[in-house]
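Peer 1: Pasting a structure here, questions to come.
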Amino acid sequence: MQLDDILHINNCQADRSSLSTTPNAKTDLVNMNGPKHKFCTKLSSTYLRKWWITIVVAAALIIGGIVVACEFTVLIDAVVDRMVALRPGAKTFGWWAKPPVEPRISLYIYNVTNADDFLSNGSKAIVDEVGPYVYSETWEKVNIVENDNGTLSYNLRKIYSFREDLSVGPEDDVVIVPNIPMLSATSQSKHAARFLRLAMASIMDILKIKPFVQVSVGQLLWGYEDPLLKLAKDVVPKEQKLPYEEFGLLYGKNGTSSDRVTVNTGVDDIRRYGIIDNFNGRTHLPHWTTDACNTLAGTDGSIFPPHIDHDRILHVYDKDLCRLLPLVFEKEVMTSNEVPGYRFTPPEWVFADVDSHPDNMCFCPAGKPSCSPNGLFNVSLCQYDSPIMLSFPHFYLADESLRTQVEGISPPVKEKHQFFFDVQPKMGTTLRVRARIQINLAVSQVFDIKQVANFPDIIFPILWFEEGIDNLPDEVTDLMRFAEQVPPKIRVALIVGLCTLGVILLLLSTFCLIRNSHRQSTLHLEGSNYLATAQVDMNKKQNKDNQPARY
């Protein structure tokens, strides 16, 4: 309200106060209803209207604070969704296509130190864990094609480079390990006709194939010429031939994969962000007995749908795992870059036997006899029927009897042998990974093949590895830290600011209205008294004037 208006109102109040003292009270009384009085009433009404408007503004500010408290997170989530979705040309797309990280894989090989005694005398096998042998990796998604249904297709290129400076020795280090091609063939022949087993024994005798091989670390990983595979190339029917002539645990993986992967971009549905749509044209694996166990609805492990909570189960698919691997929340973590994350690990039942976890029955394609022992997972259907069993390193979460079948394997330690992913929950980006897996060979004793007649039924450990990343570049973690820390602070500031300002204005306007109302009531009462007094005086004067004069 302007100073002039206040002065005018004060003048109006002064006029009312002087009503009973003016000589022409009657005239003044009439003037109280004249233009000047109407002007005074208008000023008073304007004064009240302004404070009522202030109350409305204060209420709007308080309501705005409440709306921010309830809906601000939704707005921020929408911004995050748009930012992380895989749109060609966007920064996050570039990070996804060519991750700005240096993954490493460290391998630990179980070197057999008493192979002759094990075969000749039936002694328990003794192994010596040798490692790590470390390789740095570069990942890049190539041949990327954007599809019309909100998906992207690509091939993955992985390049491995040996890091002798981080390893215990060169790739030329020699180790003695089970002959996987030979033992796979003999184990598969256990239920074949006897004459086939005898023929196989003769061939192996001619080729001088033995149950253990002495190879370099590089050969074991990247391939060496195996006489049995070379023979198979010539005698096995074309449709049953293996796609390689050499044997190596990482054979054919150093380069661009022929596998074509199609994933969801998350543009249309952020809940599908990074989820595999199909793998080589398949939406499900062909190996297992139910659709639930054959599903490919997981990610490659680098990204996950955002806004992750403790109850979410994440899923990772890798071709070599031969299945979708579930991950459950374990604990909250903080990275070295001060970025908070959630640690997800495989549940304890993931490789459990069917007696402990009946839902795993779907991974037994030939019924219960084909089920794996507790703590192992049979991937032979994905490895050309080679009896390969996966476990966690040192048989972590497996039966103790598996570890003690051989000597030299120390008890598992969670910190060294656990498989885990650390994930930034708001954006769904992987912060740190330790994908730890052990490769084992399930050997069956076959008496008709003399080379392995003394090789008992055993789960023989070959090697274990850990693949992963330690941290992300500052450019990425700065964005994550901003998304995690700044929006909550802005939200609190807006809530406090809007509500505080609203309450202050509400209290101030309410106080002024009450004060003005009290003043108006007082003036109204005083004005009424003045009018009544003036009217009495006028009546007395009129009566006096009307009385006859006395002489």
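Backbone N, Cα and C define each Cβ position, glycine as well.
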Peer 1: Of the residues CYS293, CYS322, CYS382, which one does TrEMBL pair with CYS362 through a disulfide?
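Peer 2: Disulfide mapping in TrEMBL sends CYS362 to CYS293.
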Peer 1: Would you count the other CB atoms within 10 A of the CB of CYS322 (disulfide bond), including those on all shown protein chains?
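Peer 2: I get 21 for this one.
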Peer 1: Would you mind sorting out which of CYS293, CYS322, CYS362, CYS382 (the disulfide-bonded residues) have a C-alpha within 10 A of the one on CYS371 (disulfide bond)?
Peer 2: CYS362
Peer 1: Cα-Cα separation of CYS362 (disulfide bond) and CYS382 (disulfide bond), in Å?
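Peer 2: One finds 15 Å between the Cα atoms of these residues.
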Peer 1: Could you tell me the C-alpha distance between CYS322 (disulfide bond) and CYS364 (disulfide bond) in angstrom, no decimals?
Peer 2: 13
